[in-house]
Amino acid sequence: MMGIHCVLKVTELFTQSSPFFYSVQEGPGGLWDSVKKATFVIGSGILFLAAFGNSLTWHLQKFWGASGDFWQNLWTKLYLAFEGHDAALFYLGTMLIPTLAFWGSNALLLLVDTTGKPSFITRYRIQVDKNNPVDPAKLRHALKTVLFNQVFISGPMVVVAYYIMSWRGTPCGPELPTFHWGLTELAIFGILEEILFYYSHRLFHHPSLYKHFHKQHHEWTAPIGVVSIYAHPLEHVISNMLPVVIGPVLLGSHVSTTCMWYCLALVSTTISHCGYHLPFLPSPEFHDFHHLRFNQCFGVLGVLDRLHGTDTKFRQTKQYERHTLLTSLTPLMESIPDTPKKGQ
Ligand SMILES: [Zn+2]
Ligand SMILES: [Zn+2]
(Lines of atoms letter the chains of each structure in order from A and count residues from 1; the text may use other names and numbers.)
(Lines give C-alpha, C1' and ligand atoms only; values in the text may rest on other atoms or scores of the structure.)
(Ligands and ions follow the chains in the order given, each with its own letter.)
Protein backbone atom coordinates (compact mmCIF):
# COMPACT_ATOMS: atom_id res chain seq x y z
CA MET A 1 0.00 0.00 0.00
CA MET A 2 2.74 2.35 1.04
CA GLY A 3 4.68 1.31 -2.08
CA ILE A 4 1.83 2.14 -4.47
CA HIS A 5 1.26 5.45 -2.75
CA CYS A 6 4.91 6.33 -3.16
CA VAL A 7 4.96 5.34 -6.84
CA LEU A 8 1.93 7.54 -7.51
CA LYS A 9 3.59 10.44 -5.76
CA VAL A 10 6.75 9.96 -7.78
CA THR A 11 4.94 9.99 -11.13
CA GLU A 12 2.97 13.03 -10.03
CA LEU A 13 6.15 14.78 -9.08
CA PHE A 14 7.85 14.28 -12.41
CA THR A 15 4.92 14.95 -14.71
CA GLN A 16 3.53 18.03 -12.96
CA SER A 17 6.50 20.24 -12.56
CA SER A 18 8.89 19.07 -15.21
CA PRO A 19 7.54 18.55 -18.70
CA PHE A 20 9.96 15.98 -20.08
CA PHE A 21 8.86 16.56 -23.68
CA TYR A 22 9.56 20.27 -23.64
CA SER A 23 13.15 19.61 -22.71
CA VAL A 24 13.60 17.04 -25.47
CA GLN A 25 12.33 19.48 -28.10
CA GLU A 26 14.89 22.11 -27.17
CA GLY A 27 17.39 23.09 -29.84
CA PRO A 28 21.00 24.11 -29.23
CA GLY A 29 21.83 24.07 -25.53
CA GLY A 30 19.17 21.42 -25.00
CA LEU A 31 19.27 17.84 -23.80
CA TRP A 32 21.67 16.53 -26.42
CA ASP A 33 24.06 19.36 -25.67
CA SER A 34 23.93 18.46 -21.99
CA VAL A 35 24.56 14.76 -22.66
CA LYS A 36 27.55 15.72 -24.80
CA LYS A 37 28.83 17.98 -22.04
CA ALA A 38 28.49 15.23 -19.40
CA THR A 39 30.07 12.65 -21.74
CA PHE A 40 32.93 15.07 -22.22
CA VAL A 41 33.32 15.48 -18.46
CA ILE A 42 33.18 11.72 -17.76
CA GLY A 43 35.24 10.91 -20.88
CA SER A 44 38.00 13.40 -20.11
CA GLY A 45 38.00 12.24 -16.47
CA ILE A 46 38.50 8.64 -17.62
CA LEU A 47 41.23 9.64 -20.10
CA PHE A 48 42.95 11.61 -17.36
CA LEU A 49 42.74 8.63 -14.98
CA ALA A 50 44.05 6.28 -17.67
CA ALA A 51 46.94 8.60 -18.53
CA PHE A 52 47.67 9.24 -14.88
CA GLY A 53 47.50 5.52 -14.04
CA ASN A 54 49.80 4.56 -16.89
CA SER A 55 52.38 7.26 -16.23
CA LEU A 56 52.33 6.62 -12.49
CA THR A 57 52.91 2.91 -13.13
CA TRP A 58 55.73 3.77 -15.55
CA HIS A 59 57.44 6.08 -13.06
CA LEU A 60 57.08 3.63 -10.20
CA GLN A 61 58.50 0.82 -12.31
CA LYS A 62 61.36 2.97 -13.59
CA PHE A 63 62.42 4.51 -10.30
CA TRP A 64 61.49 1.85 -7.80
CA GLY A 65 62.68 -1.00 -9.95
CA ALA A 66 59.41 -2.89 -9.66
CA SER A 67 59.12 -5.68 -12.17
CA GLY A 68 56.20 -6.84 -14.27
CA ASP A 69 52.75 -5.71 -13.25
CA PHE A 70 53.37 -3.21 -10.50
CA TRP A 71 49.82 -2.91 -9.17
CA GLN A 72 49.20 -6.67 -9.24
CA ASN A 73 52.44 -7.28 -7.32
CA LEU A 74 51.50 -4.67 -4.74
CA TRP A 75 48.06 -6.20 -4.30
CA THR A 76 49.53 -9.72 -4.02
CA LYS A 77 51.78 -8.53 -1.18
CA LEU A 78 48.84 -6.95 0.65
CA TYR A 79 46.66 -9.99 -0.02
CA LEU A 80 49.26 -12.37 1.40
CA ALA A 81 49.90 -10.11 4.39
CA PHE A 82 46.25 -10.45 5.39
CA GLU A 83 46.45 -14.28 5.13
CA GLY A 84 42.87 -14.84 4.10
CA HIS A 85 41.34 -12.32 6.51
CA ASP A 86 39.05 -11.10 3.76
CA ALA A 87 36.75 -9.13 6.04
CA ALA A 88 39.66 -7.07 7.40
CA LEU A 89 40.90 -6.37 3.88
CA PHE A 90 37.40 -5.38 2.80
CA TYR A 91 36.89 -2.95 5.70
CA LEU A 92 40.34 -1.45 5.17
CA GLY A 93 39.40 -0.62 1.57
CA THR A 94 35.78 0.39 2.07
CA MET A 95 35.83 2.04 5.52
CA LEU A 96 39.29 3.09 6.70
CA ILE A 97 40.79 4.45 3.44
CA PRO A 98 37.62 6.30 2.25
CA THR A 99 37.13 7.77 5.77
CA LEU A 100 40.74 9.00 5.76
CA ALA A 101 40.21 10.53 2.28
CA PHE A 102 37.08 12.32 3.56
CA TRP A 103 38.63 13.67 6.76
CA GLY A 104 41.94 14.45 5.10
CA SER A 105 40.35 16.74 2.51
CA ASN A 106 37.90 18.16 5.05
CA ALA A 107 40.60 18.91 7.64
CA LEU A 108 42.29 21.21 5.12
CA LEU A 109 39.00 22.90 4.23
CA LEU A 110 38.01 23.28 7.90
CA LEU A 111 41.29 25.08 8.60
CA VAL A 112 40.32 27.68 5.99
CA ASP A 113 36.67 27.81 7.12
CA THR A 114 37.42 28.33 10.81
CA THR A 115 40.34 30.77 10.47
CA GLY A 116 39.39 32.61 7.26
CA LYS A 117 43.01 32.09 6.21
CA PRO A 118 44.99 31.77 3.99
CA SER A 119 43.52 34.58 1.91
CA PHE A 120 44.73 33.10 -1.37
CA ILE A 121 42.17 30.33 -0.81
CA THR A 122 39.32 32.50 0.53
CA ARG A 123 39.55 34.61 -2.65
CA TYR A 124 37.89 31.66 -4.40
CA ARG A 125 34.81 31.71 -2.13
CA ILE A 126 31.56 31.36 -4.12
CA GLN A 127 29.22 33.13 -1.66
CA VAL A 128 31.64 35.92 -0.81
CA ASP A 129 30.13 37.23 2.42
CA LYS A 130 29.28 33.83 3.96
CA ASN A 131 31.18 31.60 6.45
CA ASN A 132 33.86 34.21 6.98
CA PRO A 133 34.67 32.58 9.36
CA VAL A 134 32.14 29.80 9.90
CA ASP A 135 29.89 29.94 13.03
CA PRO A 136 31.57 27.59 15.59
CA ALA A 137 28.32 26.48 17.29
CA LYS A 138 26.71 25.64 13.94
CA LEU A 139 29.84 23.77 12.90
CA ARG A 140 30.00 21.73 16.15
CA HIS A 141 26.37 20.70 15.69
CA ALA A 142 27.03 19.66 12.07
CA LEU A 143 30.15 17.69 13.04
CA LYS A 144 28.19 15.66 15.63
CA THR A 145 25.60 14.67 13.01
CA VAL A 146 28.30 13.84 10.44
CA LEU A 147 30.09 11.54 12.92
CA PHE A 148 26.79 9.94 13.92
CA ASN A 149 25.98 9.23 10.26
CA GLN A 150 29.41 7.77 9.56
CA VAL A 151 29.51 5.53 12.64
CA PHE A 152 25.89 4.38 12.90
CA ILE A 153 24.71 4.49 9.26
CA SER A 154 27.63 4.25 6.80
CA GLY A 155 29.53 1.68 8.91
CA PRO A 156 26.66 -0.83 9.27
CA MET A 157 25.71 -0.37 5.59
CA VAL A 158 29.24 -1.27 4.49
CA VAL A 159 29.06 -4.37 6.74
CA VAL A 160 25.80 -5.40 5.02
CA ALA A 161 27.46 -4.76 1.63
CA TYR A 162 30.32 -7.08 2.66
CA TYR A 163 27.94 -9.94 3.44
CA ILE A 164 25.99 -9.52 0.19
CA MET A 165 29.17 -9.30 -1.88
CA SER A 166 30.83 -12.29 -0.17
CA TRP A 167 27.67 -14.33 -0.64
CA ARG A 168 27.66 -13.73 -4.39
CA GLY A 169 31.41 -13.75 -5.06
CA THR A 170 34.86 -12.89 -3.74
CA PRO A 171 35.30 -9.11 -3.38
CA CYS A 172 38.87 -9.60 -2.11
CA GLY A 173 40.09 -12.07 -4.74
CA PRO A 174 43.83 -12.55 -5.39
CA GLU A 175 43.61 -11.02 -8.87
CA LEU A 176 43.04 -7.33 -9.60
CA PRO A 177 40.55 -6.40 -12.33
CA THR A 178 42.15 -5.08 -15.53
CA PHE A 179 42.75 -1.35 -15.65
CA HIS A 180 40.15 -0.85 -18.39
CA TRP A 181 37.46 -2.89 -16.65
CA GLY A 182 38.10 -0.85 -13.48
CA LEU A 183 37.53 2.37 -15.43
CA THR A 184 34.37 0.99 -17.08
CA GLU A 185 33.03 0.10 -13.64
CA LEU A 186 33.71 3.63 -12.36
CA ALA A 187 31.75 5.06 -15.29
CA ILE A 188 28.82 2.72 -14.56
CA PHE A 189 28.90 3.65 -10.85
CA GLY A 190 28.79 7.33 -11.84
CA ILE A 191 25.72 6.86 -14.02
CA LEU A 192 23.91 4.81 -11.35
CA GLU A 193 24.70 7.48 -8.75
CA GLU A 194 23.35 10.25 -11.00
CA ILE A 195 20.04 8.38 -11.52
CA LEU A 196 19.47 7.30 -7.92
CA PHE A 197 20.66 10.54 -6.36
CA TYR A 198 18.65 12.77 -8.68
CA TYR A 199 15.30 11.01 -8.16
CA SER A 200 15.66 10.32 -4.44
CA HIS A 201 16.88 13.88 -3.85
CA ARG A 202 13.95 15.33 -5.78
CA LEU A 203 11.58 13.12 -3.84
CA PHE A 204 13.02 14.53 -0.60
CA HIS A 205 12.10 17.99 -1.91
CA HIS A 206 8.41 17.02 -2.06
CA PRO A 207 6.72 19.28 0.51
CA SER A 208 5.42 16.34 2.56
CA LEU A 209 8.93 14.87 2.95
CA TYR A 210 11.05 18.01 2.85
CA LYS A 211 10.19 19.42 6.28
CA HIS A 212 10.70 16.08 8.07
CA PHE A 213 13.93 14.96 6.42
CA HIS A 214 15.74 17.15 3.91
CA LYS A 215 15.30 20.57 5.59
CA GLN A 216 18.19 19.69 7.90
CA HIS A 217 20.70 19.42 5.03
CA HIS A 218 19.45 22.76 3.67
CA GLU A 219 20.05 24.62 6.95
CA TRP A 220 23.34 25.45 5.24
CA THR A 221 22.42 27.84 2.39
CA ALA A 222 26.17 28.39 1.97
CA PRO A 223 27.59 24.87 2.45
CA ILE A 224 31.07 23.81 3.56
CA GLY A 225 32.86 20.49 2.89
CA VAL A 226 31.75 18.44 5.92
CA VAL A 227 28.11 19.44 5.41
CA SER A 228 28.06 16.99 2.46
CA ILE A 229 26.93 14.27 4.87
CA TYR A 230 25.13 16.53 7.35
CA ALA A 231 21.67 15.03 6.85
CA HIS A 232 18.76 13.26 8.54
CA PRO A 233 19.65 9.54 9.00
CA LEU A 234 16.94 8.40 6.56
CA GLU A 235 18.21 10.80 3.91
CA HIS A 236 21.75 9.60 4.57
CA VAL A 237 20.68 5.98 3.87
CA ILE A 238 18.56 6.69 0.77
CA SER A 239 20.25 9.64 -0.94
CA ASN A 240 23.86 9.58 0.21
CA MET A 241 24.73 5.92 0.73
CA LEU A 242 22.50 3.81 -1.56
CA PRO A 243 23.35 5.59 -4.84
CA VAL A 244 27.06 5.05 -4.13
CA VAL A 245 27.00 1.56 -2.57
CA ILE A 246 24.64 -0.02 -5.11
CA GLY A 247 27.10 -0.03 -8.07
CA PRO A 248 29.83 -2.23 -6.55
CA VAL A 249 27.17 -4.57 -5.04
CA LEU A 250 25.39 -5.00 -8.40
CA LEU A 251 28.60 -5.55 -10.38
CA GLY A 252 30.26 -7.68 -7.67
CA SER A 253 33.30 -5.42 -7.84
CA HIS A 254 36.76 -6.07 -6.52
CA VAL A 255 37.55 -4.25 -3.26
CA SER A 256 40.24 -2.18 -5.02
CA THR A 257 37.68 -0.66 -7.43
CA THR A 258 35.15 -0.18 -4.63
CA CYS A 259 37.79 1.59 -2.53
CA MET A 260 38.64 3.95 -5.38
CA TRP A 261 34.95 4.68 -6.04
CA TYR A 262 34.11 5.43 -2.39
CA CYS A 263 37.12 7.77 -2.12
CA LEU A 264 36.13 9.49 -5.38
CA ALA A 265 32.49 9.84 -4.28
CA LEU A 266 33.41 11.23 -0.84
CA VAL A 267 36.01 13.69 -2.13
CA SER A 268 33.79 14.87 -4.99
CA THR A 269 30.78 15.48 -2.70
CA THR A 270 33.14 17.36 -0.36
CA ILE A 271 34.30 19.54 -3.26
CA SER A 272 30.74 20.20 -4.45
CA HIS A 273 29.83 21.44 -0.94
CA CYS A 274 33.10 23.19 -0.06
CA GLY A 275 32.05 26.71 -1.06
CA TYR A 276 35.29 27.51 -2.93
CA HIS A 277 35.66 27.34 -6.71
CA LEU A 278 39.33 26.37 -6.72
CA PRO A 279 41.57 26.07 -9.81
CA PHE A 280 41.92 22.65 -11.46
CA LEU A 281 39.20 21.04 -9.34
CA PRO A 282 35.65 20.13 -10.48
CA SER A 283 33.27 23.11 -10.35
CA PRO A 284 31.12 23.23 -7.19
CA GLU A 285 28.82 25.96 -8.63
CA PHE A 286 26.01 23.53 -9.51
CA HIS A 287 25.35 22.11 -6.04
CA ASP A 288 26.23 25.39 -4.31
CA PHE A 289 23.41 26.93 -6.34
CA HIS A 290 21.09 24.13 -5.16
CA HIS A 291 21.80 25.14 -1.54
CA LEU A 292 21.24 28.80 -2.39
CA ARG A 293 17.95 28.38 -4.30
CA PHE A 294 16.50 24.98 -3.19
CA ASN A 295 14.48 24.23 -6.35
CA GLN A 296 17.23 23.97 -8.98
CA CYS A 297 20.10 21.55 -9.74
CA PHE A 298 19.12 18.31 -8.00
CA GLY A 299 21.60 15.91 -9.65
CA VAL A 300 25.32 15.27 -9.59
CA LEU A 301 26.37 15.46 -13.26
CA GLY A 302 23.50 17.71 -14.40
CA VAL A 303 22.21 15.49 -17.23
CA LEU A 304 18.93 14.63 -15.50
CA ASP A 305 18.40 18.26 -14.52
CA ARG A 306 18.60 19.21 -18.20
CA LEU A 307 16.24 16.36 -19.10
CA HIS A 308 13.64 17.43 -16.54
CA GLY A 309 14.19 21.17 -16.95
CA THR A 310 15.26 21.65 -13.31
CA ASP A 311 18.26 23.77 -14.29
CA THR A 312 16.50 26.44 -16.39
CA LYS A 313 16.88 29.21 -13.79
CA PHE A 314 20.45 28.17 -13.06
CA ARG A 315 21.35 28.49 -16.74
CA GLN A 316 20.37 32.19 -16.68
CA THR A 317 22.74 33.05 -13.85
CA LYS A 318 26.33 34.23 -13.43
CA GLN A 319 26.93 31.04 -11.44
CA TYR A 320 26.21 29.06 -14.63
CA GLU A 321 28.76 31.14 -16.55
CA ARG A 322 31.26 30.32 -13.81
CA HIS A 323 30.33 26.60 -13.86
CA THR A 324 33.50 25.45 -15.67
CA LEU A 325 36.86 23.98 -14.80
CA LEU A 326 38.93 26.94 -13.61
CA THR A 327 42.25 26.69 -15.45
CA SER A 328 43.83 29.95 -14.31
CA LEU A 329 44.62 31.41 -10.89
CA THR A 330 42.18 34.33 -11.25
CA PRO A 331 39.05 33.67 -9.13
CA LEU A 332 35.92 33.44 -11.29
CA MET A 333 34.24 36.02 -9.04
CA GLU A 334 36.77 38.48 -10.44
CA SER A 335 36.78 37.40 -14.09
CA ILE A 336 32.96 37.01 -14.20
CA PRO A 337 31.72 39.46 -11.53
CA ASP A 338 28.10 39.72 -10.36
CA THR A 339 25.97 42.32 -12.13
CA PRO A 340 25.66 45.26 -9.70
CA LYS A 341 22.16 45.52 -8.21
CA LYS A 342 20.05 48.57 -9.06
CA GLY A 343 20.84 51.60 -6.91
CA GLN A 344 24.43 50.54 -6.32
ZN1 LIG B 1 24.01 19.37 -0.49
ZN1 LIG C 1 18.18 19.41 -1.68
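Cβ from N, Cα, C; glycine included.
The domain 'Fatty acid hydroxylase' annotation in TrEMBL covers 187-310. Positions annotated as transmembrane segment by TrEMBL: 40-60, 88-112, 146-167, 179-199.
Residues 78-79, 82, 118, 121-122, 139, 150, 154-155, 158, 161-162, 165-166, 171-172, 224-226, 255-256, 258-259, 262-263, 266-267, 270-271, 274, 276 of the same chain, all 6+ positions outside the transmembrane segment (88-112), place their C-beta atoms under 8 angstroms from a C-beta of that stretch. According to DSSP, the domain 'Fatty acid hydroxylase' (187-310) comprises 87 helix, 1 strand, 36 coil.
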